[in-house]
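Notes for the one structure printed next.
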């Protein structure tokens, strides 16, 4: 009887306290960067909930250094979504009529800064309810690169590497062979799920096309690799070629330097010759003195000739100088030189010259 009474009392309390409630359970949500996160929040009202309906979403950032901040609010039949600058324009109610019992929101174009705890709070007096959701934003693997680290020659040791440019941990790797038998070499089986495969004592059987797939909880990426295991190269020939090439380069450089040096020396010599001061050449003899010498020599010749020898000799104009010896430009008239007395001429070093006189008939006096 006592147990039955207690059950009736508990039922009465439950009925009395039943009011607004959120039916969506708390949960953890993981989404990739750039995607849209759906945060559900559905509620039910009771007849006794007669107050105005207020819906409020808050965020607690993951760094735990900031207090809870409102990101979107519904109150008085109006929506306010300009509270949180980091989510401005990226948070919206999913329902056009939140009074119908759906206060869910979408957060678009997710960023790493959106990671945190989101709380949905619904109030309609006297009912109050809230739910929390943990949002985690992950980065999909992308920009994955496959490559050979080392020399892919027979007998060598090298590594096959698979490296994504970005991607949230944890990451899972899977290697596959796409060509020939499509079977991974037996020594590699232990590392098929590793980002690095260590190849020991490589053989030509390892040649082929391989793929590496990287994935995490929000996405995956893949890269391809073509492996060609070739015979060892002729290293002696390579070294000899490198040495010969180096010597030829040195010879060429030496020839260029020699030519440049020679050209500079020639230019320097030309400059020195161009600026060298030379002794002036003595001026040509005076035409007047030449003419006088010519006249004097003629007179001397005439003086030594007898009258009989002069009969066939044409009369020479002594007062004229042959034009072929003296062709000069006309000069401005000059004053006649002043006469100098004979004693003064002797002091000046003049030598007297005897000029034979000539009569009217041409005979020498």
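Every residue gets a Cβ built from N, Cα and C, even glycine.
Positions annotated as topological domain 'Extracellular' by Swiss-Prot, on the basis of sequence analysis: 20-238.
Summarising the annotation, Swiss-Prot assigns disulfide bond to 41-120 (among others) and lists sequence analysis as the type of evidence. Following the DSSP three-state reduction, the secondary structure of residue 41 (disulfide bond) is coil. Applying an 8 A CB threshold to same-chain residues 6+ apart, the list for residue 41 (disulfide bond) reads 22, 24, 57, 102, 103, 104, 105, 120, 122, 131.
The Cβ of residue 106 (N-linked glycosylation site) has 36, 37, 38, 39, 91, 92, 94 as same-chain neighbours under 8 Å, each 6 or more residues away in sequence. If you look up Swiss-Prot, you'll see 106 marked as N-linked glycosylation site.
Sequence annotations record features per position, and here Swiss-Prot assigns disulfide bond to 146-223 (among others). In this structure, residue 146 (disulfide bond) is part of a beta strand by DSSP. Using a 10 Å Cβ-Cβ cutoff, residue 146 (disulfide bond) registers 18 neighbours.
Positions annotated as disulfide bond by Swiss-Prot, on the basis of sequence analysis: 162-212 (among others). In the three-state DSSP assignment, the secondary structure recorded for residue 162 (disulfide bond) is strand.
Sequence annotations record features per position, and here Swiss-Prot assigns transmembrane segment to 239-259 based on sequence analysis.
Under the heading topological domain 'Cytoplasmic', Swiss-Prot lists 260-365.
For 297 (among others), the entry in Swiss-Prot reads phosphoserine, with the evidence type similarity to another entry.
Look at Swiss-Prot and you will find 304 (among others) tagged as phosphoserine.
According to Swiss-Prot, the phosphoserine annotation covers 306 (among others).
Swiss-Prot lists 323 (among others) with the feature phosphoserine.
For 332 (among others), the entry in Swiss-Prot reads phosphoserine.
Residues or ranges marked as phosphoserine by Swiss-Prot: 363 (among others).
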Number of Cβ atoms other than its own within 10 Å, given for residue 120 (disulfide bond): 24
Rounded distance in angstrom between the Cα atoms of residue 146 (disulfide bond) and residue 212 (disulfide bond): 7
Pairwise Cα distance for residue 223 (disulfide bond)/residue 212 (disulfide bond) [Å, integer]: 5
Which same-chain residues, if any, lie at least 6 apart from residue 162 (disulfide bond) yet have Cβ under 8 Å of it: 144, 145, 146, 173, 175, 195, 196, 212, 214, 223
